[in-house]
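Beneath this line is the structure, given in structure tokens, with notes to follow.
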Amino acid sequence: ESLHSSIGLLGISAGSLLLAVHFYGLPRAAPLIPSTALGVLLLILSSLLAYAGIRRSLRNASLFLSLCLTISVFWCGYGVVFILGGQGVLNDTGDFRNALVPGLVTFTLALVIIAVVGFLCKEVILAMIASAVSLASAHEVAMRYSTAFGSSAVACNYMIVCLVGGYFALGRILYFLTKEKIALPGTDLAKKKTHEQIQSTSGSMNHFAVTGLILNMLSASVFGCRLLGITGKLFIGQVPWLWAAGIYQIGICILSYRAMDVLMATFFGFTSILKFAGGYCLLYPIWQPEEPSFPTPFLVVFSILFAVLALFLTLKSPVDGLYLLFYVAYCIALACRPKGFFEGGPQGVDVAIFVASALMTLIHLYNVKASAKIPTGKGAVKALLAHSSFLKLREGADLHAPYLGYSKYADAEVLGYACSVLASFAITMTGDPQAPLATVVIPWVVVAGGFLKLLSGSVAFARGKTLESSAFILYAVMWIIWGLTRYGGLYGTTRSFHTAVGIIAFMLFNGFIVFCTLFLNIAWFFYSLTFLLIAVSFLLDAIHALPAGYDIAATLIFGLVSFYCFLSALFNSIFEGSCLPMGRPIVHLSGVGRGMTKCLHLPARKASSVKRIADILKNGGTCGIPTDTVYVLVAACNRPDAVEKAHQSKRQAQDRPMSLWISSLKQLEPAKHLFTPLLWDFMEAAWPSPVSLVVPRGEWVDFLGMKDSAKYVGTPQSIAIRIPDCSVTTHLIDLVGPIVVTSANPTGEADTTHHNQVYAKLGNKVDAVLCDGPSPENIASTVVDCTKINSGNIGFFRVGIIPKSQVLQILEQVQKK
């Protein structure tokens, strides 16, 4: 339980020790630690802190999570700046100061907020570490502007962190050596865990939002410091802060989906686009002397998406909705100024975002930790909508449940559709073919249309949406390749033919997706069909045959269809019913697109789910369940009607008979005298495992209460029997009794390796599915012929996950015994 906390706090102490040594040795002519080496070490420690913080968040340790991730992103940007300095990139006078100060200012304030909440909530060790690192950052800012402040003050603050870390390490060592009898104050993590578990029972909460808000402070600080004169210029030295914030923001977006917070995850996805774009713009001196210009249509559309998202977020939390309006104003300010990030208007909004983000960080962090809450208006809009018969908010435990089974992620389709809108309107700016990088298009197309759409496709795949995920991933690859080649100036006349061939290949893939969406719904059909128009415009552009205005028309049509899908997905994630429906399938086939006839899907991680499956089996149902190998279809032995149903649903071939599973040899104990001693000892040694033993049929079958169902199990001469090495399966057999088992797929087809495939393959022939995600193995069990074991020989009907040699070794050991 204490592993990740120990890794996090000792990692912070190790980094602080490095920085203390660095600042103590700063007055020397030659630094004790070279800048490049220090930067690389800080990057390694930042990744370690990110791991510790994310893993520890599963225990709802919100303050520890915020501290670890905040210092992680701090040292990530800090380390890259040191590497740039060590490699001679920051050569001009004041470059190092201009590069470091925006990040130092941000983390000084962010860590003060964490320290204040820590002291208020009696998390003294975390609060002391946060306040010491904050003071070190503040002293370093002062040191960069005035030689009167020596570097020793910074080093002293980092030494305080080392001392606190040493105290924590001593406390954990004593706790371990004395077997929990001695626990220094603040180091007993078991009490904290119990307290946090009690607090977390009130409902799911997004513990990652605080870090996302701090990242918004960081990016706003880079441009706000320039407006206020704190830094002298915007240049490449500040890119590490912006891109570190962008990378971490995408991580926070994914983790917010894990926290089942669709709206904040979408918001963090949007803000990551702005961070990458800001960093990209500061790199302009590499390829051109003038500052780049910004596409107005894209930014107007971006402000509309932020406004819609703010409206929906207001329904959950009015304060969060108001906060998003700052980004609406930011996009409008960028659209009004041709040079975007480099102009005073957007930089002024950045200052406002910095202040608002700091306030929101304090509110979120305090409300997560403290028992007394700062009011944010939660529940006010819900109370108003309670009187409405038209709009009803979706609530309950199954709010984010996928169509089949369960998922660890909320639905990311909202972000996927929004990225399609952004990418399509970004390419309405054709740009100058002679200077393709003079207009900022690549970040909008590659980050929004590419990377974030890949993220949406991956989450859709995790939720069992195979077609949607395939489409999102295909379109993401298309946007990335086309965005880089067309708007990066990477293709010309000589490459046009090769580009055209690649686009035609993508069009063929998309044609297959268009065909498949006929069976999904109308909205997806038009979404994929209008992307075909985009691909056609890419093709015509590649061969220099693009009619005037066609590309604008195609992007507008695709953008509008995507915007409708975006609104529909938002409505369906927040409200009950179908205010903006996606439509019904255009083509209906038996077993395809029939959402009303789906069977019961229950998560295997819940004991209540196993009990419900047991009740269904006892009442004569057939169910798909997970095992130690692949998914199987099962029925209760003492229900002949259910066994017959399972047999018929499979169209079972005579050479693939159904097998028998038990949970323990105790169930065969009354019939032990009917088995030979060698066979009994072999069963005892081989199980539980993914090994099925084919044994002679005999009177022992009657002891299991099979009755009329016995004729469907095994052959007239033998029966395959097994004890699975899976706690869920054996617990189910304990509740039901022996079960009859067959693979959860029609005869002759591949084995079923995911709970979503059970219903897809067997349809209404299965009454319920116990869902446990992907199978632990993709290979079925080994089937051993034990009918002639008394003569010392065994055969193999099928060699599966357990190899022959291992089975023969077990037999040899039993024979020796």
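Positions of Cβ are set from backbone N, Cα and C atoms, glycine also.
Pulled from TrEMBL, these are the features on record:
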type	residues	note
DOMAIN	607-802	domain 'YrdC-like'
TRANSMEM	7-26	transmembrane segment
TRANSMEM	32-51	transmembrane segment
TRANSMEM	63-84	transmembrane segment
TRANSMEM	124-142	transmembrane segment
TRANSMEM	148-170	transmembrane segment
TRANSMEM	208-229	transmembrane segment
TRANSMEM	241-260	transmembrane segment
TRANSMEM	267-287	transmembrane segment
TRANSMEM	322-342	transmembrane segment
TRANSMEM	414-431	transmembrane segment
TRANSMEM	467-485	transmembrane segment
TRANSMEM	497-520	transmembrane segment
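Here the transmembrane segment (63-84) lies next to the transmembrane segment (241-260) in space: the count of CB pairs under 8 Å, restricted to residues six or more apart, reaches at least 3. Counting Cβ pairs closer than 8 Å and at least 6 residues apart in sequence, the transmembrane segment (414-431) and the transmembrane segment (124-142) reach fewer than three and form no contact.
With a threshold of 8 Å between CB atoms, the same-chain residues lying at least 6 positions outside the transmembrane segment (241-260) that come near it are 50, 54, 57, 69, 72-73, 76-77, 80-81, 102-103, 106, 204-209, 211-212, 215-216, 218-219, 221-222, 266, 268-269, 271-272, 275-276, 278-279, 282, 399-400, 408-410, 412, 415, 447, 451-452, 455, 459. The transmembrane segment (148-170) and the transmembrane segment (467-485) are not in contact, since fewer than 3 Cβ pairs between them lie under 8 Å (pairs 6 or more apart in sequence).
Note on the domain 'YrdC-like' (607-802): mean pLDDT across this stretch is 85. Under 8 Å from some Cβ of the transmembrane segment (467-485) lie the Cβ atoms of residues 413, 416, 420, 423, 427, 441-442, 445-446, 449-451, 453-454, 456-458, 460-461, 491, 495, 499, 502-503, 506, 509-510, 513, 516-517, 520, 524, 527-528, 531, 535, 538, all in the same chain and six or more residues away from its ends.
Away from its own ends, the transmembrane segment (322-342) comes close to residues 223, 234, 267, 270-271, 274, 277-278, 281-282, 291-294, 296, 299-300, 302-303, 306-307, 309-310, 313-314, 348-350, 352-353, 356-357, 360, 440 of its chain (Cβ-Cβ under 8 Å, at least six residues beyond either end). For the transmembrane segment (7-26), the neighbouring stretch richest in Cβ pairs under 8 Å, chosen from 124-142, 267-287, 497-520, is 124-142.
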